[in-house]
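Trainee: Not my notes, these are from TrEMBL:
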DOMAIN    500-511  domain 'EGF-like'
TRANSMEM  517-537  transmembrane segment
TRANSMEM  549-568  transmembrane segment
TRANSMEM  574-598  transmembrane segment
TRANSMEM  610-629  transmembrane segment
TRANSMEM  635-656  transmembrane segment
TRANSMEM  672-693  transmembrane segment
TRANSMEM  699-718  transmembrane segment
Amino acid sequence: GLFVTDYFTRTPRKLSPFRSFASIELFHFHIPEDTVIAVWNLITFKEQGGTFGDQCPDRSITVYFRSGAPSVINPLHTHFPRDTAVPGSFALTLTWTLPNRTTGVFNVTSPLPGDWFLAAHLPKDEGKISVKGLYEECQYLFQPQLIVQRLVNIAVLYPGHVTEQSMAPHNRSCLYKVFVPSYTSRVLVEVLRCHGAAEGCPLWLRVRAKAPPLHNSTTLDCREHAPCQLAQDLPFWQHWYYVLVEKHPGVPGTVSFQVTVQLTDCSRPSLARPPFLPSSASMNMPHSFGSAGGLALGDSPPPTSPNDTKHPIPIPVTSHAGERCWPVRPTLRNELDTFSVHFYIFFGPNVSVPPDRPAVFVINLLPVLDSGGVLNLELRLNVSSLCGENVTVFGCLNHEVPLTSGDNTSVTCETESLAGFLLSVNATASLSRLRIPYPQTGSWYLSLRSLCATEHGFEPCTNVTAEVYLRAYLSPCINDCGIYGQCKLLRTNNYLYAACECKAGWNGWGCTDNAEAFSYGFQLLSTLLLCLSNVMFVPPVAIAVRSHYLLEAAVYIFTMFFSTFYHACDQPGIVVFCIMEYDVLQFCDFLGSLMSVWVTVIAMARLQPVVKQASVLYLLGAMLLSMALQMDRHGLWNLLGPSLFALGIMAVAWTARTIRRRHCYPPTWKRWAFYLCPGALIAAAAVLLYAFVETEENYFYIHSIWHLLIAGSVGFLLPPRAKPSRRLGPLPRRKGCGYQLCVNEQEELGLVDPAVASINSICTS
């Protein structure tokens, strides 16, 4: 055949340490039909500060692959919620081969066509809280590339028609495909009139659904079986089936043969099926609702009996007595929101399960749109409808083809090639649930069947019609992630999916794993520490009021109030109290913290004698800080920029006084030893704790210490305000040109106690 190669790539993305599925990077690919091999080239490289991160540590990268829907991963080995089915996926770990770059290759032979999803993440870290912009962070970028090779012009087999083929000596195989429509119960592939140089038919016959066969696909050796027939019961509906005729190795010459395909359609009246069923009974509807009105399903109109009574489209059921067909009831799709879809049953939600046949329903999930949520199924048995019988209702949920076994002794939901999800309800356990995160799209079939338990196993019931409440719906997350989680709607390019982000130490897919959860006492303690540590601002407020720094005192009160209630609202657990919106509290807390630093340093500069309108700087600082916080609240320069600018103003003012007074300012060693140096050391210790020690685990007490240290440093650094012991009369002013400068020596000396020095007014003209 002719091969065509297609190439797909995605933009590199920064990987994050794994905390929950919300922290992974998801990549979406589409593999075309008739693909014989798919090769993913996985490129990973490091960056630090815009250059290659040769000095960055090597961190392993885990990549997951799954067809049809995103992978349901559990790298932390947490517990899933009850009644949750976990689909499997492929996993690959990349190790570093070069200092700043590594590549990996993942090959899939004959991959399933359609959507494929890749999920990648870094290992879980210690949860260090780093200040944005403090240092150049190591970034690990991941870029997947896909190369597919597909066959074109594959020969199509038509059911009931014979195709002749001659396999030349240099050819080893021939590939065909046949389309299997809905309501097909059996696919039979047969090789006829096989002739070759060797005795018998030196051919292998392989069949596989959706993609070309592999070495482990359903295989038949035509040498050992005559006639060479390979049957597939309960095939997937609305899919291509691929037939591979392969020559035995070492067979010389040309091999000629014929191949044909027969499809058994159980919707035809000629097949084994009861000749007539009342419409309401055949649709498994409650008798109180009357006739179904001859509802027809399928790609073509249903057959009509000689008396013009319409029969519903049936489904195949394997049985020891032969092949029978049962109808499929549709569901009505009602979209409420993104990943919030309810599937309503006609004449439901209570459905009747007759004793002699199954009740089958179909749930259609839209491609791409529905695979990012959770498919929920709930069965509730009406015990009063059992009439005292020991009845058990079994439900089998299967993808793309209904699956119902006719064997009464062993109730399973699987065959040699198919496997579904089994549910059961009875008088003692009347409720059963099933949750499938990230379900594959397409048609899901639910088969309900009632059996009575006896000493010899399960047997068909007599004259007991069980009534079951059936609820099927699509939700973003499992139970909305509970009270210790938040359901987040995420997007990767044009694909939407939902995932839980847990808090307060809870883990798991639905935030139900409490192995590392915080207790209520611990949550209360952390909230009280973070809130009550702001009481340390009371002494700086008292000092500021006593020294007549009323503006500074107002800023400290503002900071203390909003920091207290911001941390009361920012708690991860259930000990939460919010008086305003979270965003408003966060903005006011950050603004108050930065304004406290700003007004304290400006007050230390003592600009009042030089700049009579020093309040201009306070107003300018408030406006600039508000602008900076609106741009980036977590940036490093939001704290350093205003602080360095205020320190610069203070340094200029102190230098000017030192030059004019011709001695160091403040001039007393007591001010330096007992106030400025301790205050500066306390503030530096607070900054070091905030920038380098704080992690998610120690946040509640390290950040509380940060509150105590910052408030304490303000009490030391805030300068005193001198109070004259006596009032001085108006000073005489010389006539003529000149100026008069009055200097308060106590204010110049920066003394705390007015009794330390006498008040002398030095006037110079």
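Placed from the backbone N, Cα and C atoms, the Cβ positions cover glycine too.
Please treat TrEMBL annotations as automatic predictions, because they have not gone through curation.
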Trainee: Suppose I define contact as three or more CB-CB distances under 8 A, residues 6 or more apart in sequence; do the transmembrane segment (549-568) and the transmembrane segment (699-718) meet it?
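Mentor: By the criterion, they touch.
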Trainee: Please average pLDDT over the domain 'EGF-like' (500-511) for the predicted structure.
Mentor: 91
Trainee: Tell me the residue counts in helix, strand and coil for the domain 'EGF-like' (500-511), as DSSP assigns them.
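Mentor: In the domain 'EGF-like' (500-511), the DSSP-based counts are 0 helix, 4 strand, 8 coil.
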